[in-house]
Amino acid sequence: MLGQVLLTVESYQWVSTPQALVAVAVLLSLIAYRLRGRQSELQVYNPKKWWELTTMRARQDFDTYGPSWIEAWFSKNDKPLRFIVDSGYCTILPSSMADEFRKIKDMCMYKFLADDFHSHLPGFDGFKEICQDAHLVNKVVLNQLQTQAPKYTKPLATLADATIAKLFGKSEEWQTAPVYSNGLDLVTRTVTLIMVGDKICHNEEWLDIAKNHAVSVAVQARQLRVWPMLLRPLAHWFQPQGRKLRDQVRRARKIIDPEIQRRRAEKAACVAKGVQPPQYVDTMQWFEDTADGRWYDVAGAQLAMDFAGIYASTDLFVGALVDIARHPDLIQPLRQEIRTVIGEGGWTPASLFKLKLLDSCMKETQRIKPVECATMRSTALRDITLSNGLFIPKGELAAVAADRMNNPDVWENPENYDPYRFMRMREDPDKAFTAQLENTNGDHIGFGWNPRACPGRFFASKEIKILLAHILIQYDVKPVPGDDDKYYRHAFSVRMHPTTKLMVRRRNEDIPLPHDRC
């Protein structure tokens, strides 16, 4: 999950600990090793050396070289491989096995998230809410966040317009813009409008929490993975990052709790008077509607939404904008499409769907550089044997490599960025559905593959199209001279580098975007 998050992680030293605790950690690891059941016989790419007591070195190596190892192996092999990762052992399957893998009910994403992000510990409240049996977060994302799009598309566009002007300026001279940093701020503000509403989305303290909590979660989660699970409930109390994480959660509650209490009191008063309560167009309202009186962690739910939505959307927004800037002959056709479609239909989900060239550009960016080199990570709830005899032990991770997205047997000239690739695919009735950014299949698993696909991809697609449309109409963009491709590779992640920049200048709008139309 997170480019800037993961870069920030590397600036932290792993927590130093008393010798006694280290000795206990080693002892527990050895005991756990002895108690293991049947193990996979699959080759381990980065095995522990015979003289090593722990897998620490192997885990650190995977953090550094994981994407390169996975890409190198699956570019030449169509068979699975096992790695030691920072969560333990993980079997990576080739994408040719994705169809079978996605249908295995006992490969559980929630178990992976609960273990990897320590949902039982204070500070990881967002992941505790995600992993609740009611799956309230998933229901809100899949249902209301999609069905309510006609109500929030125009407010999203209005906020984007105002925010972009502040971040990118009004100078008509070429200037260097920190496009990743600006993109992160832009996505944070637009996401929070739909998450917590107009009142809180302008609260600078909340924006700071929304943007930085994910960094704190990733840092603390990684530090704790050094420890055996039995020691983590003790270790986190002594780590500075753990204190910071818990403080962010406390601050979040001080902002969110009064607002939800106000809304509940407002609703009760309206019901008592026999009048219709106000209906807010944000996830705070939709969580209340979906919970239907059942208890849930209000602040935890919002922190979960921010963690899931901000950094992944920022990565695709920045990646798509950089790719477009590197192909100047693409900008005028995109502007013409935006002017025509938005000029005729205004800011509606239907209009965003008609931005077919922009959609194709975004999907091609994701094909060239998926945000993870292996997706659909899940934990086995029982011993699992696949149809080819591959054994995945209970409690171990498995994932699917994204190798098919750059396979020359699937794509013509896969190494080349072709912005019209998926637009052409839409002309084929058999491929028109899967050619759209929001839809998934085995050839393009940038968002995973149903039922293991990212549930927030529908919102992300609309949000990013709105942001790109504003940028392209209002600004000229081009690469910074001498600025080569810069990706940040870490463990499973391949992200746009947080230092990514572009040259921008304000342009005179010949056809203003019609914010006065729905």
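Note: Cβ is positioned from N, Cα and C throughout, glycine not excepted.
Here Swiss-Prot gives transmembrane segment for one range in the set 32-48, 66-82, 117-133, 168-184: that range is 32-48. Counted within 10 Å of its Cβ, the other Cβ atoms near Cys454 (heme binding site) come to 20, all protein chains included. Taken residue by residue with DSSP, Cys454 (heme binding site) is part of neither helix nor strand, so it is coil. Averaged across the topological domain 'Lumenal' (49-518), the predicted model reaches a pLDDT of 94.
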